[in-house]
Each structure stands twice: as structure tokens, then as C-alpha cells.
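**Student:** Quick paste from TrEMBL:
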REGION    24-47  region 'Disordered'
COMPBIAS  32-47  compositional bias 'Low complexity'
DOMAIN    68-324  domain 'ABC transporter'
REGION    343-362  region 'Disordered'
COMPBIAS  344-362  compositional bias 'Basic and acidic residues'
TRANSMEM  440-458  transmembrane segment
TRANSMEM  470-491  transmembrane segment
TRANSMEM  512-538  transmembrane segment
TRANSMEM  544-571  transmembrane segment
TRANSMEM  578-597  transmembrane segment
TRANSMEM  659-677  transmembrane segment
Amino acid sequence: MMPPQQENTTASTDNISIQIEQPNNYNVSPSLDNNHQLPPDNNNNNNTNHAILVRCSVLRESLRPVTLKFEDVSYTIKLSRRSGATNCCASSQPKVTRKLLNGVTGTVRPGELLAMLGPSGSGKTTLLTALAGKLSGKVSGTISYNGQSFSGSCMKRKTGFVTQDDVLYPHLTVLETLTYAALLKLPSSLTKEEKMEQAEFIVMELGLTRCRNSVIGGPLLRGVSGGERKRVSIGQEMLVNPSLLLVDEPTSGLDSTTAQRIVGTLRWVARGGRTVVTTIHQPSSRLFRMFDKVIVLSEGCPIYSGGAGRVMDYFASIGYAPGFDFVNPADFLLDLANGVTPDSRQEEENELHGNGRQDNKHDNIIQSTKQFLIHSYKNNIYPLLKEEIHHLPSQHHIQPHSTKSSTSSDNQWTSSWWLQFRVLLSRGLKERKHESFSGLRIFQVMSVSILSGILWWHSDPNHIQDQVGLLFFFSIFWGFFPLFNAIFVFPQEKPMLARETSSGMYRLSSYYTARIVGDLPMELVLPTLFVTITYWMGGLKPSLITFLLTLSIVLLNVLVAQGLGLALGAVLMDVKQATTLSSVLMLVFLLVSGYYIQHIPPFIDWLKYVSFSQFCYRLLVGVQYSENEVYECGLGSVCRVVDSPAIKYLGIHNLAADVAALAVMLVGYRVLAYVALRLSQKHH
Ligand SMILES: Nc1ncnc2c1ncn2[C@@H]1O[C@H](COP(=O)(O)OP(=O)(O)OP(=O)(O)O)[C@@H](O)[C@H]1O
């Protein structure tokens, strides 16, 4: 692979000069430099040549360099003081605040890789989330992207944000995940084949060839390893060809070779003219050398922000030099951020060897070291950083080629509504086919249908109460079952949906429609089987028309119940709450649907009009028995079916109104679910 064209520019913060290897032309193919070449995933020359071609065609398109500046970024949260769960007055106590970030300043230019270092809990993720424009609550200070705010600069679709926890669909394979992301994220100027080639290229480039056909997996499903999953997450974000890529802890839990491969990838991504920021826990010295800039945080306060190559010189200049030459700079910086200096480290070791500990003294030294480092930053680095921020041009020079492609796609979706719908439909069907047609689910429905068929086996038409009972069972079983299945949909997909819609991957409406349409065949097959088996086993009216009408009513009921489940899930976005509420609702619907009680007190009679089970039940009875039908109601005497005690008070004369009521609910619950989803997206 060819090394990138680079020029060395020198930026300065304080007396520290920062060496930045910066590409002089962002339209060049972003190849790996010699030092950080990723190990080839396989030796297939054809594939490699092909990859280079693809890389040239796609990754250089719509690239718009972003200069990220952040100045005095602070973030405070309010903690409600809980002095014990039993304290009833706890809520009346004043709220305690905690400053998670305290005046962090820095710049990152296109082509640079910035790493945030600091001990656990020092605020790295919080800062990264703030830079991604995703921090809820008020962030003080200024964060600008090419001189504009996050919302004002259409940064959404130009930013890739890889969270610490990988948010991926567990049942899709690695290649499927990346292919669907490519189809949704890449511009419509590319053909489907080109987009799929791009996904293949990412698979190869990130060393995922061996596991390309393995499922991602999740808590209940064994899938690819943690490192592979992380690479898939990064690959997904790379597909959008982001101008700004933010990655949280990409190497945690990985072996050093994999970690190096991932950071090498990030560096390569940066060298393509992108601005890359990552948090990192414990980089090896090899990894550390790949960073252009570092920010070191100590309890939310910066103690260093600037060139990675000069960080050791800076700390040496303020009196903290590592005692020996071969020290991992990252270890040294983490020690300092924890208030541990080389001297105190030595003392600590002596104490460990039997000299006894003096905890208070030790803590005081740590605190005073931290304070000293924070003050040194304020005096030495901060003024120069401010100067640099004000002198650094906000808008990076953009090549005419990239200007055109970026502005044309700024305010548009990368693909049409129809394409998004088709891709999301196909992805949804693949992801959920295991769940919808799982053996367990089929067994559940089949066993209930056969059992009820046996219980009502060829029921006598004169036993109206029994037959009506079977119809009531249809309406209740096919109310509960789809309702409880649908409740999980949006709470479970919430993290994926939030991530994908917040990066402008697709419209909420295309996702929602694909979800609703995709569920249809799966949701309707099982009730059809159920009704077919139970209807004929149970000895209901042996008429094809009546059977088809009964089936249609049950299917309509299924769709209404499913809509209610979707709406409850979308409104509450919490499976536990939604399950509790729906079990109460279903119980009420069951009680007021006219089977158990027919004389409901008038002041609560209105409840039956909100019960879809009641409409379904009435319709089922209505199509089963005609107005003039009679049955044997005593020894030798016949009665009209509509006068039987089970049906008399049900009122089966206005079936059109019942259909209309179900139709309104069918649409209404789905509209409610959509509105709730949209509101929850806005909230994010
Ligand atoms: N919503 C919140 N409520 C209370 N504390 C919070 C909240 N968000 C973050 N914190 C606290 O803020 C501090 C910084 O958190 P953050 O996740 O940014 O740290 P970090 O440096 O990324 O840590 P790690 O390396 O362990 O991931 C932590 O002490 C964390 O507990």
C-alpha cells in the first residue's frame, strides 16, 4: 500500500511545539502509512487491489474536513442526596451538584488523532459525549465544529460515534451488519453493488474476514468476540465516511495486538482527512506513539492538552520526569493524573516492602500533586491553547471536489424513503425470523390450539354457552398474545434506534413502516393456524364463509392488540412498566367484554367501549349466529339464539359499528406509537 502524502506542520501550545503529520490533500486515497500499516487480513491479491479501488471511489467522496475546537467545557450534574432509602425526608434535602468536567480546552484538526487519557471516572466518556453533541443537560463553554455549533452545522450525519457498549443487532452476521449499514448510510449516487463492495472492504480492512459470516451475538447468544464486535461498531461508523469520528474505549478488554490494530485503524481513518477523538484506558507505549494529541484528565480537570510528542517534555519542564528512560508515557501520565509522582511511587514501593503506610500523609501528597498539575496547566498550557484556538482557522480549507459533494448532501438523507424502507424491512425480517418462528413460540400456539380443540371437541350447537365460550377464548387469547409480544419491540430496539436515527441514518417513518409491515406476516401466520385448527376441532358452524369471517376478525383483533402493545412500549419505553400496565388493561378488557358480566353498573359501563376484546367478541358471536337461528333450549322446545342468556345482552345487531371501532383502534394505536417514538427521539 502506498504511504499517504503528508506534510509536517508545527502547531504550538506554550513552549511545546506539536508535530502533526498532516495530509496536504484530503482527496488522496486514505492509505495506511508505513508505520501503522494494518496486517493484511488475507493474502488474496485480487481482493487487495479491489479494496484499493473501492477505497478510492467511496471513502474520498463527501469528505468535509472538520476542525473541532472546545473551550472551557464544563459539565455539572445534580445528584439527589439519598441518605438511606428509609429516610422519608431525603427528597426535601437540597440537591448536591458534582462537576464532571471542569474547563477542558483543546483543538483537533482534520488528519489528527486525539486521545483522552485519565483514570477511570476522570470524565473521558463525559467529554467525548459532550463533543458528540449528545450530552443531556447544560454543557458550559463552547464547542464548535468548523466554527459552528453541533446542531447548526449539520454535523449529525458527519459524525460517527462509537459508544463503549456496542449497540448492534445480535442475530445479524458481521457482513450483514456492515452491508445493511452501507446500504443505509452511503450516498444514493452509489449503486447497491458498490455499497456492498464497500462493506466487504471494511470487513477486510478491519480484519473481520474470518468471522464475516458469524452472528454478532448478545447476552443470550454466543457470537463474535468483544474485539471483533468493537471493530464492527467502528466499521459501521466508518461507512458513513465521517468527518468527525468519536470512539469510546475502543481497546478495553482487548489483547495488545488487536488494540494496536484498532488504534492503527483510527489513525488511518484520521489520515484520510478526518478528525478522530478517542478515549483510551491503558495504552501501551506502542499505541501511545500513534496519537497526535492527548488530553490528560484528572477528576474532570485537564492537566495536559496538546501534542502527544511533547507531553513528556512538558511534565519534565514542571518538575516531573520519569525516573528512568524506558517508561510507558501512558503509565506515567495516568500516575500523574492520579496524583502519583515518580518520587511518591518510589516511596509507595518502600512502604510496601515493610516500612508501614502513612495514609493521611500519602493522600495529602496526592491531592497537592493534583492541585499543582492543574495549576501548572492553567498557567502554562491554557493561555497558549486559547491563543491557538483563536488563531486556528475555524473552517478548514476544503478542496473544490469535496465542497461540492458535501454541500449537496448536507441537508438530505443519503437514501430515498423507499430504499430505507426496503433495507430496514429486509434487515428486520432477518433479525427477527428466529424470534418470530422460534420453535418455542410455535409449540406454545400449537399446544394451546390443540388443547382447546380437544376441550371443545365437536361442541354441540345447542350448547350455546360452550360455543360462545370458545369464541370468547379466541378474542382473549389473540388479544393477550400479540399485545405482550409487541410490548418489547421499541424498548428493546431503543438503543439501536437512538444511535441510528441520531446519526441521520434513516427517517423514523421508514423505520416504523418497515417494522409494522415486517411484523405482519409473522404476526398473522400463527393465529391463522390456531383458528384453522381450533375452529374445525371445536365444532363451530361448518361454513367456509363463517370460518373466513371468524379468521378475519381474529386477525383484525391481533393487529389491534399488537398496535396497543407497540403504543404502550413506545410511550413508556420500559418493558416492566409496559407489561404491568398492559396486564391491568387486558384484565379490564377481559372483564368488561360481556362474557363474565353482562350488567355492568352504568357509571363504569363506558369501559367496554375502550375494550377491543369486547368488539372482537361481539363480532365473532355475530358472524357465528344469524338473527333467526334457533337452538334446543329445553326438552323439545326451541329458542332463538339471540335470546339465549349468553348472547341476549351482548347486542350483536350493529356489527358494522364494531368493525369501525376496531379499525379506528387499528390506526389510532399505531399513530400513537409513532408520535410517542418521535417525541422520544426529540428528547434524545
Ligand atoms: N448521570 C450521572 N450521574 C452520576 N454520576 C455520573 C453520571 N454520569 C457520569 N457520572 C460520574 O462521572 C464520572 C465520570 O464518568 P465518565 O464515564 O466520564 O468517566 P470515564 O473517565 O470515562 O471512566 P471509565 O474510564 O471508567 O469509563 C464518574 O465518576 C461517573 O460515575
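Cβ coordinates come from backbone N, Cα and C, glycine included.
All TrEMBL annotations are machine predictions without curation.
Note that the structure is predicted; figures quoted are calculated from it, not measured.
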**Student:** Out of 440-458, 470-491, 544-571, 578-597, 659-677, which stretch has the largest tally of CB pairs under 8 angstroms to the transmembrane segment (512-538)?
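**Tutor:** So the stretch in question is 440-458.
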**Student:** Which stretch from 440-458, 544-571, 578-597, 659-677 shares the most C-beta pairs under 8 Å with the transmembrane segment (470-491)?
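**Tutor:** Against the transmembrane segment (470-491), the leading stretch is 544-571.
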**Student:** Do any residues, 6 or more residues outside the transmembrane segment (659-677), come within under 8 Å Cβ-to-Cβ of it, and if so which ones?
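**Tutor:** Beyond its ends, the transmembrane segment (659-677) has Cβ neighbours at 490, 497, 508-509, 512, 516, 556-557, 559-560, 563-564, 566-567, 569-571, 609, 612, 615-616, 619.
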**Student:** Using a Cβ cut-off under 8 Å, which residues of the same chain at least 6 positions beyond either end of the transmembrane segment (578-597) come close to it?
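**Tutor:** Sequence-remote neighbours of the transmembrane segment (578-597) are 468-469, 472, 475-476, 479-480, 483-484, 487, 491, 564-565, 568-569, 571-572, 607-608, 610-614, 617-618, 649-650.
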**Student:** Looking only at the domain 'ABC transporter' (68-324), report the model's average pLDDT.
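**Tutor:** Reported value for the domain 'ABC transporter' (68-324) is a mean pLDDT of 85.
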**Student:** Do any residues of this chain, six or more beyond the ends of the transmembrane segment (440-458), have a C-beta under 8 angstroms from a C-beta of it, and if so which?
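**Tutor:** Residues 466-467, 469-470, 473, 477, 481, 526-527, 529-530, 533-534, 536-539 contact the transmembrane segment (440-458) from elsewhere in the chain.
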